[in-house]
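Below is one structure, written out as structure tokens; comments come after it.
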């Protein structure tokens, strides 16, 4: 039933889906956007909390089954047929919303980046990823998994792994383990122009992660940029913490006090 081309692996164990719903900390009066509900295992658990669910599903095979769930959900389940990368999630939600999803493996990272930096800013995100991707989101400086995704995600959100799942929890079982990451946006994130600069800096720095910053950031100012930011030009990207990257981003804009 699952389509490999869609990266589909379904969670059908109600004990697992209920735990994810609890970890999401949603309930009556909340709106939840769910991407890729499939046969509705997690959807049912979210509805049990009393939340309103907006489910975005690309695979039309599941719409009749989800429509049956909607019939007994007393108006709290809305179905949107479409590709989550193209659907206007803010419009679909109709207001502030949380995102809770077992994300399709092939688009999970791109969806997260869209939600972190795009016009739709969720109140919180409780997301299932491949374990490798989850590790990249919560990695710390010096970790093998530390990179651009960790810097951007942790600059904008508090991020932590809240649950690990073995492959056997899914139907069909994937070849890798999975994990649930919870991300809560920070109350005072950096201004948009600083975040845009941070994206440029991290793209350059981690694009050549084994090189010293004086080389990897050469197009942005190299050693001079590092000195203005108070960061060692002889350091490599993998050891620079969030504050260091923010200083580098601000320095590209002409200051470190934005």
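Each residue, glycine too, has its Cβ placed from N, Cα and C.
Feature list (source: Swiss-Prot):
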- 9, 11, 36, 57, 83, 102: S-adenosyl-L-methionine binding site (BINDING)
S-adenosyl-L-methionine site span - longest C-alpha distance across 9, 11, 36, 57, 83, 102, in Å: 20
Neighbouring C-beta atoms (10 Å sphere around the C-beta of residue 36 (S-adenosyl-L-methionine binding site)): 26
Assigned element (helix, strand, coil) containing residue 9 (S-adenosyl-L-methionine binding site), judged by DSSP: coil
Around the Cβ of residue 57 (S-adenosyl-L-methionine binding site), the count of other Cβ atoms that are within 10 Å: 24
Proximal but sequence-remote residues of the same chain as residue 83 (S-adenosyl-L-methionine binding site) (Cβ under 8 Å, at least 6 apart): 58
Per DSSP, three-state class assigned to residue 102 (S-adenosyl-L-methionine binding site): strand
Residue 102 (S-adenosyl-L-methionine binding site), number of other Cβ atoms within 10 Å: 27
DSSP-derived structure type at residue 36 (S-adenosyl-L-methionine binding site), helix or strand or else coil: coil
